[in-house]
Structure formats: C-alpha cells, structure tokens
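Have a look at the structure below before the remarks.
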Amino acid sequence: MSQSATQTTRLRAPSGAAARAMGLTKVYGEGQTRVVALDSVCVEFGRGRFTAIMGPSGSGKSTLMHCMAGLDSLSEGSAHVGDTELSSLGDRQLTKLRREKIGFVFQAFNLLPTLSAIENITLPMDIAGRKPDQEWLKLTVGTLGLSGRLRHRPSQLSGGQQQRVAVARALAGRPEIIFADEPTGNLDSHSGAEVLGFLQESVRGLGQTVVMVTHDPVAASYADRVIFLADGRLTDELAAPTPESVLDRMRILDTNGPVR
Amino acid sequence: MLRTALRNVLAHKARLIMTVLAVMLGVAFVAGTLVFGDTTANAFRTATGTSLKGVAVSVQSQQSQEPPGAAAAGGPDGKPSSTLNTALAHKIRALPGVAAVRPTVIGEVTVAGKDGLPVNTDKARQHLATNYLPGKDSRISLKEGRGPASEGELALDAKTAEKAGYRIGDTVRFAIDGPALAKKLVGTVSTDDPRVNAGGTLTLFDTRTAQKLFLHPGQFHEIAVAAKDGTDHRELTDRVRALLPDKGAKATRGEDLAAEQADQIVEGTGALTKALLGFAGIALFIGAFIIANTFTMLIAQRSREIALVRAVGASRRQVVRSVLIEAALLGLGASATGFVLGIGIAVAMRPLLNASGAGLPDGPLVISSGTLVWSLVVGVLITVLAAWLPSRKAAKIAPVTALSSVDQAPPARALVVRNVLGALLTGAGVLVMVYVSTLTTTAKSNLMTAMLGGVLTLVGVIVLAPLLSRPLITLAGQATTRLFGVTGKLAKENALRNPRRTAATASALMIGLALVTGLTVVGHSAERALVADATQGLSADYKVSNGSLSGTGLDVGAAAKIARVPGVATAVPTTTAGFDTKGGFAQITGTDPKAFGKAARLDFRAGSLRDIGPGKIAVSDELADKGGLKVGSTLNAGTTTGRAEKERKVKLKVVAVYAKTPTMEDALGTLADVLPYSDNKKLEEVLVKAEPGQAAGLERKIRAALGDSPLMEVQSHEQAINDGGRAINLVLKMMYGLLGMALLISVLGVVNTLAMSVFERTREIGMLRAIGLDRSGIKQMVRLESVVISMFGAALGIGTGIFLAWAGSGMASSTMDAYETVLPWGQLVILLALALAIGVLAAIWPARRAARLNMLQSIQSS
C-alpha cells in the first residue's frame, strides 16, 4: 500500500501536492455587479493529508473548492489536480478528470434515490466504464461500516448512513483527491462525528487525500491542517488543529477583520 | 385566491407550456370541426337555395328518380318513359300566376377523352347530363362558344373539356349505356353545381336530342315552374297538382324541396361533423392525461408552499379551489388560443376534403357564438376535471410539511385499489370483446357492444398501466442497460420511479397507437379480403365489363369479338343469375366450360370442368353442404330474375363439386343455361387470357374491338388488386390524419413529463455531472427514459389495438366474405419505429435543457 503510494508520488509532480493553485482568481459578474470571489490564491493540498478550508460565509471557501475540483472555471491563475492543469481543459476533459481523479461528498443530495447503496458507490466507475477493484471496495465498505446495508435504497438509510455511502462512493474509485463540501452540515452531531471519523480514517488508514470545506471548528479539528479564507484571500493556516485552537484563530480573524 | 392562482399560472409559464399546447390543440380540433360544420352546412344551404332559386313548384317524374335503364318500366326500346310531356308543360304554363316553365331531361353520360379512355374513372364522381335551355336555366352559364342546338352537337362543362383535351369544334366521344356515340363540341359552360365542381362531368344536349337519348320525344323528367310576383306558391302547387296524371308524377313547392334537400345534406355533413368531433374527443381525452400529470407534478413541487398556506389558516377547500381556479385560468387561455387556431383549421379543411373528392361548395366562414362558447366550455371543463384529482391531493398536504426541513417525496400510495379496479375493467372489456368476436352481423346493437368492449378494454389497460409498467419497463430497461450501460440503467430507474406518471404519459401515447394499430390491422385485412374477392381463383389477365352504374352488361357477341383481337388467347364469356335453392339464395355463373379453365382456377373435389354441360352444373362445396348436394343429385332452382316474369323452376344436375373461391361462390353452369335468367340477358364479364408475353397493352385493342365505348371497363389483374386497396386506403389515410393529431398531443405529453422530471431532478443531474457524467451522458439518460416510456406506451397500444381488431373480425367478415385478421407485420414494425422516433424526438428539448443545467447551481439549489 505505502509502497505503491511512494512509487506514484515519485512518478507525479515533485511537489508532493495532490492539488495546488497558483494566483487563482475568480471573478463573477461585470462592471457594477463585479464580485471578486477569489483573489490570487496560492495553496497546496498535500498528498495523503486531510485539509480543512474555513472562513466566514462569503469568504470564497466553496468557490475555492469548486475551482480546484473542476466544477467551476478560473478567471485567472492556474489550478492543478495531480499534474493536470485545469484552466486549459474543456467541459468534456473536466468531466473526465472529475470522474477519474476526484471524489466528491456534498452537504446533501449525494445519492440517487433510485439506486441501491452499492450501486451509488460504484456509479462513478459505471459511468467511466471501469470495473471496481473488488478488494479495495470491500475494504472501504468495511471501514465505513456499510457491509450490511449495501442493498438498501437511500430512503431506507439514516442521514449519517447516506453520508457514509457518499464517502464510500468518493473513496471507491481511489481518486487523486476527495473534496467534501460541508459533509456534516445536515447531520446531527453524533452522525457528523462518525462521518468525520471515517474521513480521517480514510486519510490515515487508507492513504487518501481529503480537502473539506466547513464552518464548524469541531469538524475542522479532525483535519491535519486548516487554512483560513476571508474576502477571497488566504489569511492564515493552522497545523494539527483542535476545536479550541481553531476557534481562537477565528476569533482573532473576526476581531482584526480581514487582512487587507 | 384568484390572485394566487393567477400568479401561479404566470410563475409556471414555461412548465405549463406543453399543457397549454395540449388543451389548445384539442380545443382547436373541436372549434375547427364546429366552424367547418356550420360553414359547410351554410354553403350547402346557399347552393341548394341557388339551384332552386325562382322555382315555385317542381314537378318530378317519379320513374326518373331512378337512373335510366334500371328497373324503370320502359317502352319497347328499353328506354324509360315519363308522364311529363310537352303538353303538360304547356298546360302548366297556361295556369294563372305562372311566369315560366323549365322542362328538363336528366341523364348520365360517360365522356371519353381524346385518348378514348373515360375522362372520369372515379365511380364516386358523377357523370351528369341534361338538356340545354338557352336563357331559362340560371344554374348553367355559357363560357365559350354557343349552346347545342341540333342533334349533332353538345356542350361540356369547361373543366371536363379541358381535362379531356377537347376544343370547340372537336368531336366528343361518349356513351350512355351502350355503344360509343360522337357529337361535335359547340360550347363550354360553367356551373355552380357542387357535383360538377367536385370533379364530376356535365354534358349538355339540345332538348330534342336529350329526350331521344334518355326518354322519348316530348317527355321530360322534371318541370320547374316559376311564379309571377305575388302568387301564392302553395296554391300554385295545388293547381299544378290538379293537372298531373294520377301516377308517375309529383309536384312539390320549391321552398319545401329546398328545405328537404338542405336537410338531407345537412344530415350528411352532420354525420361528418360528428365523426370529426369523435376524433376531437379522443384528442381532448389524451390531453386530459397531460393536464393531470402537470398538476400532480406542480403540486408535488409546491407542497411546502401549500403547507405554508394551510399553516397560516387556509382551509382544504380553499386549497382545492385555488388549484381549480388555476386550472380554469389555464384552460381559458389555452381554449381561447385554440379557438383561433380552430378557425384556421376550418379554413384548411375544405380544400383538404375536396382534394379527396368530397365536393364541398364554397361559402363564407360561419363562426357562431355557440362555437365560441362550446370551445371555451369544453376546454375549461376538461382542464378543471383533469386537475380535480391532483387538487384533492394538494388538499391532503398536512400543514406540518411546511416545518420539516427535509423535503421528502410523499410516500407512494399503494396501487391496490387501482390495480383491482383495472383488473376488473380490463377483464370485463376482454370478456365483452371475446363475445364480440363470435358475432357475425353488424347490427347496431352489436356495434354498440363492440364499442363498449373497446372502451372498457382501453380504460382498463389505462388503469392497469402503473402495474404493467414495472415488468415491461424493466424488460425494456434491460435492453437499454445492455446497449448503453449506466445511462440506460439510470433511464430505466427514472422511468420506474413514479409508475403513475409514467403510466399516464404512456397511456396518452397508447390510446393513439391502439387506434392506429386497430385501424391498420383492419385496413390491411380488409384490403386483402377485397383483393381476394376480386382476383382469387382467377388467372385472367383482363376482366372486361360494362362500367356504367346501371350495369347493362355486354352483348353476347363481345367475347367472340375480343377473342379475335391479336394477342388474346382466350376470351371467356360469363354471366350470373340468382336462384332460390334449398341451400338458400345461390348465384350461378354461366360460362363456356371448355374455355373457363384457361382464365380461372378452380379446385375440384369431385368431377371436373369437362363434366359441365347443358343442364349439368358444378356447385361449390359450401352450396353442396348447405343444400345437401353431391355429384348426381339434382338442384331445384327457382328464379324471378328477368324482367316482369313470374317464378320459374329449373332442374339442374350436379356433376361436379369445387372449393369455393370469392370470385366463384356458388355454382357454375353453361352460358346457355344461365343467360335466359340473367339481367338484360347480357354478359356480365368477359375474362381475357393473353397469349404468353402479349398481355401488356392489350387494353387499347380490346376497347377498340368493342367499339371504343368509354363505358367499357377493361381491368388488368394489377388494377383489380389496386382497386381493391384504393378505396380502403383513402379512408385509412383520412383516419390516420385525424389520429395523427392524437399522437401529436401524446408526444407533447412525453415532452411535458420529461421536462418536469428534469426540473425535479435538477440536483441529481448536477450531482451526476459532478461525479463525472458528461453532457452527452445526461442527454442520453433523458433520451433513453423517453424511449423506454414511449416503447411501453407502444407495447400497450399495439397489443390492445391488435386485440380489438381481432375481436372485430367476425363482424367484418359479415360484410366481406374473404375477411380474416391478417397482421401487417411490416406496418406494425413501422409503428414501433414510430414510437421509438417519438421517444427520441420528445426528448430533444428536455435532454438539451438537462445537459445545459448549470452544475454548481443545480447542486446547491434546494
């Protein structure tokens, strides 16, 4: 496992980053309605690391994730997933990139109600026309505690279980990087903790790379590193966070206001 | 409430567009039919009014009501006689109050073109002829040249002259019921007679010639009397009546005659209007499914909004009323547009029907206020009724739904009640139709039973459709999954997601396809039956007969004349006579038994053609069974055929038995035995077999050998086959056109359902895009869902259609002996392909919308 991870690392970008952005700028609208959502952001998401993006609403944290994940286009700068540069890709290539190299967990509405849990998990691979790696699938499903629920439809699962299925789907294709957008936003604290635990486990135990957008300091504390965004700029970062240290940092940001 | 409803309609403009279109088309159909009916009836009234303008009293010879030469009692020359004559005309003219009399002779003339072939071969069109009365007949006006004045002259209506290629001064060849005649064309006329304008021909002679041709000198068929101003028409009629002989003539007041004729015509157009309204009803019924689907979906989407209204204090009844008002507004708008469109349809309908020979007169468009009211009422009513069930669902939404954070689809209600009801209806329908399949007459009660069974079956299948959707769509889905992978699978799952909606969408398509299929199967079977009737058992290359409506037959010598034509191998004379036998009415064909075998094929069970001779006949197996006959027994036949003869008994010995064919049903004897009992003692047909390789082009030579009368019908084997199919094809085409409207509306239904589904599944589509399904994949998913639903509708429709057509076969075979249900596989495959195409076409717009959805907005929208 670690053997192959080192091998791929050596073959890929020397930075050791699963994804990185250079001078990433995103502007919406024109003239009077012009809004700069991201203002030359430079950031790297380390391979095999769990990174949380935090910031108040409107800070651009979701936009950053969308741009890095190939869901939204860049206005300026560059973004890489692995060694693929995103700004030059068309819709078709971005789609291909998403299904081959990226996993997603959204806040809600992650699953197709018509498909069973296992069908939802293998959906990206079915779309790509790939056969899932059965051992890896078993491992993820087992790790997420879903073995007994694979034939259930989403409507027969609890909210926490649905998000675990979403995490399993993101993991199943062994993507370069997993983006999670407020994955616990709709869950009670117990289910939320469970899902975050699994995300953490998928990084520590399975060697995956996870980037999570959240506004919850407790959720952020599960990450290895937290970066803070305000008014479209990277303002701060924190390694080995705890809920308290994240909260402290946020308080400082709040009182000082965004750095201009 | 009204304001909320209005806002809702406006807010959902895009989503309501298909529903509006469906209602609009249905109403347009209704309005178009009504306007067309009023317009046509009015035009006919005007036309009859014009043709009887100035006629105060019409005196008609009652024999001349029938076509000349038929059963009318004739003089020694075989021509009919009339009690109306010049003397009577003078007497009427001399009555006080009479301004003028117009005595007319009416007949039929078949005009030959320059090429010698009849100008007008369509039997539905009329070949009119009358006497030309200079200055007296307002219905006919001279266009070119002058009116016929002597025995050697005639005039034609301008269109016929042009079609035939005649110019003034040319010699026109024509026939009445016998040999070809020729006269010089001295003028062309125009007329507003609808029968002529519909493609018929009009030939004019001077009065003396017309009398010679159609009656006897000095006689007339009709005397039209014009009155002086201020004369009471009723009294005048009585006075005229007093002059008439006891029998054979009738005087009618002009106004009464006009009303009588108008009533007849209006009754005729009324039947057409009713048939068209039937189709409009089908279109509206299909539209109702779309309306119901739309409102169900709108209410599901709006459930939180409705719950909120309920939470702040609206009653259930207010919610229902709000939805119904919304439906009424929608229906009103759509109906108003449909009404305008309908006027356009009415305008287009006349030339369309006239192109197929309906002969409808020209006239101003009649738009009655009744039509407007009916169109609006029907449109609003159908929309409100279709929205009624969904509105009740809306009322059941609990106020607490507004407070729950997750929006969950309401749990699917169990379909148990619906399935039981559906099974009962379908079962009853199938039982009735199985009973119908045993019926062998087309009595009115039987037709009503068949109608009931058909409707029950269709409604039953519609009610059962959600139940049937699971297995059938799963089956179709397996195919799409195998062919298209994951998009095919998603399409199947989406189609299965809401069985009621899928079923309603497919049902709309099913109704149209069931009717089209039924029609296609019956039409195909009937065509085969007609072709079999005309050709089965015959190997002749040509069939020669007298084509005049009076069916006067061919001279006995015709066969010999044809036989002398170079290239003809054999000419077999045939005639028929009807006999009463122990086995019921039987038609015996008389022929030349030696030659017969060369032009026809009969399969002999006992004996052979050679055994037939004077007093010796062959009978069909059917007649043998019915009459208890076998070789050696004697057939006692009674006949009353032949003019004014009392029943005669004939004894014929049975010497052979053959298998019945549609062309040779009962018995076969010698010409000499049968001819004395036949109509007019003439031949009915001459069957012609050509020398090998000489069949082509024989028609002209045969015509020439028989004096080139345009009445002569020389039908080749191929023509016989085509003629069998043509009549049916025309009817089929019209019905297809009308059902096309129903299919169009059902396509709108599929578009509607898909568009709504795409709208509902915005977030899913966004998610699918995010995890890697590209735009073309999304499109394919929507398209396949559409195809799967359409194929489901097609399977139900085609299946039901075939079943209904099969059940009606017993009744059809009562009017067509050779009728049996034959499945037109090619056409059924085309229908299936059509359904496939409908699926693909209906998906174009929704699929494009789905593919163009903004991914990020879709994911985040809630």
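Keep in mind that glycine also has a Cβ here, set from the backbone N, Cα and C atoms.
Taken from TrEMBL, the feature compositional bias 'Low complexity' covers B:58-82.
Per TrEMBL, domain 'MacB-like periplasmic core' is recorded for B:17-242 (among others). Across all of the domain 'MacB-like periplasmic core' (B:17-242), the predicted model scores a mean pLDDT of 82.
As annotated by TrEMBL, domain 'ABC3 transporter permease C-terminal' applies to B:279-399 (among others).
Annotated domain 'MacB-like periplasmic core' per TrEMBL: B:502-703 (among others), in sequence order.
Helix first, then strand, then coil: DSSP counts for the domain 'ABC3 transporter permease C-terminal' (B:738-854) stand at 100 helix, 0 strand, 17 coil. According to TrEMBL, the feature domain 'ABC3 transporter permease C-terminal' maps to B:738-854 (among others).
Annotation comment: TrEMBL describes B:58-83 as region 'Disordered'.
Look at TrEMBL and you will find B:276-300 (among others) tagged as transmembrane segment.
What TrEMBL lists as transmembrane segment is B:323-347 (among others).
Residues 23, 26-27, 30-31, 34-35, 38, 284, 287-289, 291-292, 295-296, 323-324, 326-328, 330-332, 334-336, 338-339, 342-343 of the same chain lie 6+ residues outside the transmembrane segment (B:367-389) yet bring a C-beta within less than 8 angstroms of a C-beta in it. Per TrEMBL, the feature transmembrane segment maps to B:367-389 (among others).
The transmembrane segment annotation in TrEMBL covers B:415-436 (among others).
Residues 415, 418-419, 421-433, 435-436, 439, 499-500, 502-504, 506-507, 510-511, 514, 792, 796, 800, 803-804, 807-808, 811 of the same chain lie 6 or more positions beyond the ends of the transmembrane segment (B:448-468) yet place their CB under 8 Å from a CB of it. Annotation comment: TrEMBL describes B:448-468 (among others) as transmembrane segment.
Taken from TrEMBL, the feature transmembrane segment covers B:502-522 (among others).
Residues annotated as transmembrane segment in TrEMBL: B:734-759 (among others). Residues 15, 18-19, 21-22, 25-26, 29, 276, 279, 282-283, 286-287, 289-290, 293-294, 297, 301, 356, 494, 501-502, 504-505, 508-509, 511-513, 515-516, 519, 765, 782, 785-786, 789-790, 793, 838-839, 841-843, 845-847, 849-850, 853 of the same chain lie 6 or more positions beyond the ends of the transmembrane segment (B:734-759) yet place their CB under 8 Å from a CB of it.
Positions annotated as transmembrane segment by TrEMBL: B:787-808 (among others).
Listed by sequence, the residues of this chain that lie at least six past the ends of the transmembrane segment (B:828-847) yet keep a Cβ under 8 A from its Cβ atoms are 509, 513, 516-517, 520, 743, 746-747, 750-751, 754-755, 757-758, 778-780, 782-783, 785-791, 793-794, 797-798, 802. According to TrEMBL, the feature transmembrane segment maps to B:828-847 (among others).
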- For the transmembrane segment (B:415-436), could you work out the same-chain residues 6 or more beyond its ends whose Cβ comes under 8 Å from its Cβ atoms? 446, 449-450, 452-467, 499-500, 803-804, 807-808, 810-811
- Contact between the transmembrane segment (B:276-300) and the transmembrane segment (B:787-808) (at least 3 Cβ pairs under 8 Å, separation 6+): no
- Note on the structure: Residue counts for the domain 'ABC3 transporter permease C-terminal' (B:279-399) under DSSP, helix then strand then coil, are 100 helix, 0 strand, 21 coil
